[in-house]
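S.K.: Okay, handing you the structure first.
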Amino acid sequence: MSKQINVALIGNPNTGKTSVFNALTGLNQKVGNYPGITVEKKEGICKLPRGVKAHIIDLPGTYSLNASSLDENVVIELLLNKTDKDYPDVAVVVSDVENLKRNLLLFTQIKDLQIPTILVINMSDRMEYKGISLDIPYLEQQLKTKIALISTRKNKGINKLKELIASHKELSVEACLDASIIDTTYFNNLRKAFPHQLLYKLWLVITQDVNFGKTDRKTYDAVEDFKTKSKTDLKRLQQKETIKRYQFINETLKKGQTIDLKSAKDLRIKLDRILTHKVWGYLIFGVILLTIFQAIYDWSSIPMDFIDNSFASLSEWTKDTLPEGAFTNLLAEGIISGLGGVVIFIPQIAFLFLFISILEESGYMSRVVFLMDRIMRRFGLSGKSVVPLISGTACAIPAIMATRNIESWKERLITILVTPFTTCAARLPVYLIIIALVIPEGRVFGLSYQALTLMLLYLIGFGAAVGSAWILNKVLKIKSKSFFVVEMPNYKLPLLKNVALTVLEKTKAFVFGAGKIILAISIVLWFLASYGPGDSFNNAERIVTEQYASDNLTEEELNQKIESHKLEHSFIGIAGHAIEPVIRPLGYDWKIGIAIVSSFAAREVFVGTLATIYSVGSDEEETIKNRMAGEVNPVLGGPLFNFASGISLLLFYAFAMQCMSTLAIVKRETNSWKWPMYQLLIMSGFAYIVALIAYQVLK
Amino acid sequence: MTLAELKRGQKGVITDVSSIHIPLKLLEMGCLPGNSVELVQVAPFADPMYLNINGTHLAIRKETAVHIIIETIHE
């Protein structure tokens, strides 16, 4: 068996930590979750010199070991728990050459934990540009570490880093400063009370609000001859500790780093003058949003048509090629049609994540936070709520997780509650197919009506989010300290590798996640639609033949009558008819009713369900859209999907809480069932009323 | 004077930080006595404030800035 060592990547946000991770692991990485919590866990494998293999974990970005969020807790919990299977043999602290001073704070804390540590100074390609020079041997000596000066952008220094990780046994585990001098008596007492524990580890456990399992803070309080301090005193000591660390860092950098300001050029100032401008800033943001929506609609329509047609042909081909029977029908009508409903929106999700990751990578997203904070605050939100609200256009689940960096609990809760109103990618297939059916083609000012309708739906979603936030802000009586800090990172040209990996990984997660649900539901639906109870289903052929005996129908017409009679008396048809009275006032028939009920699991199931229901019994190769266009309203005649019922459906999906996964995430993030239940009742109730009014007015 | 009164483009030095009102995170990002501060940009209504503190660029709200005492420096 080859040796495998554990490596933890740690660093401040915006230091290019993920780029280092990508450079080390390439495609040998996987993304999962830490057990029991929704924090993303990225890990990968890297081959090192001399046959050593490294298991690399990319820990969430943090400014220090004083955790203030769930993500940051993960870092501390791992570093304090030597029995964890991922406990690092070596810690790699990633820093940015332009923010070395601030980045070193975390570094000195990790050194105090006596973990072998390598310091990576990233973005070395910017040094000349910024007039920075470093005395590496001096810094290595002062910081008691080995330094890898690298540039992930120019792909330099990665081999040196691999070499350093491979020879991790030579690293010093000595701390670079003694933090205990901030209160000698206190720390001496601590040392006496727990002689076998690492002093800095004790200090961290005492000051954090984290649960460390066996090393719980309360067990320390219980020891008799040791008295801990009050919260305010502890905070004052933490502040002292921070100052102490900065003193050490300042002294070290005074000799180890020189910055020639004259040769430094600053693109940031020029760009910020425009991008954060009171007028231009907002205009540019608006144009960017508009471009994204137009692009998603126009660019992705080509691959989507292709996918739709391919799946229709595949289903047809399966029926023709395989021997006739229940299994072939299940495959062709249930599974393939259902899967087509997922695969079809890969292009759009990919485009959305592409744009979002470019905005994040470039540093522009922080400017949006800055611009929007004041406006968002009026609605009880934070500038940081903009990121979840924009990410919500991809999927509410990562968006709700992205609220964790909102410091005020009230602002965060409101953001969580209103984010599901934003138009997520799962609503897109529903919107697209209905828009294509009921909104006429044609253009105004070069923008198509259909694209404008889509844009309007996004605005409605965003408006509903902001409007309900405003109401929640008035209604919720929560007192919480509001405070707001956002780092404004340097502008960077997004790295193609990072963007590509994000798009690939997010799309994969989405398709496999949704795919499982959709596949399962498709199969169940197919069974329910293909079998039925009692006489009227099983003897459909005889009943229909007798009924139309005098009408002189061709064989084909007769077969169609039989199939639709069967569908109506299948299990699904019976269920559909049962709920029909509730949805009839909204302009829907029982088939749409089934699609709505089954899409409660996830919105995108809607199209897949209709595809499954409509393809049961149909022999012709047809796209989902054509089948839907051919549906006739059983009561009024005319197309079932007309302007009134179409708009009603669009509005229903805009507001309704049709996503079990989102409810589950909200439960986890708010730690109670109360909030997701409110969400479900209020959003879906509102959706029903709006859809009802729309249909009754327009019909 | 407090940081909230700083004008765009003006520079100062932090002299005192009210530790009850200022979160540890902000201190860790460099908002400590003795460090320099410059107001880079303000959003409409002068809130939030985009600052350069000791080389770190960050934005905070005005309500936080009033708890940070500074002295302006003229160059």
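Cβ coordinates come from backbone N, Cα and C, glycine included.
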S.K.: In TrEMBL, one of A:594-614, A:636-656 is tagged transmembrane segment. Which stretch would that be?
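M.R.: Here TrEMBL associates transmembrane segment with the stretch A:636-656.
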S.K.: For the domain 'FeoB-type G' (A:4-171), what's the model's average pLDDT?
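M.R.: It averages 89.
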S.K.: Can you name the far-off residues of the same chain, 6+ from the ends of the transmembrane segment (A:279-297), with a Cβ under 8 Å from a Cβ of it?
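M.R.: For the transmembrane segment (A:279-297), the list is 348, 351-352, 355, 359, 367-368, 371, 447-448, 450-451, 454-455, 458.
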S.K.: Report, as numbers and ranges, every residue of the chain located at least six residues beyond the transmembrane segment (A:509-529) whose Cβ falls under 8 Å of a Cβ in that stretch; write 'none' if there are none.
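M.R.: That would be 31, 329-330, 333-335, 337-339, 341-343, 346, 349, 395, 425-426, 567, 570-573, 575, 594, 598, 601-602, 604-605, 608-609, 612-613, 616, 661.
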S.K.: Among the recorded stretches A:335-359, A:636-656, A:677-698, which has the greatest number of Cβ pairs closer than 8 Å to the transmembrane segment (A:451-472)?
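M.R.: Per the Cβ count, the answer is A:636-656.
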S.K.: If we skip the immediate neighbours and take only residues 6+ beyond the ends of the transmembrane segment (A:636-656), which ones have a Cβ under 8 Å from one of its Cβ atoms?
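M.R.: That would be 421, 423, 427, 430-431, 434-435, 437-439, 453, 457, 460-461, 464, 586-589, 592, 596, 603, 606, 628-629, 683-684, 686-688, 690-692, 694-695, 698-699.
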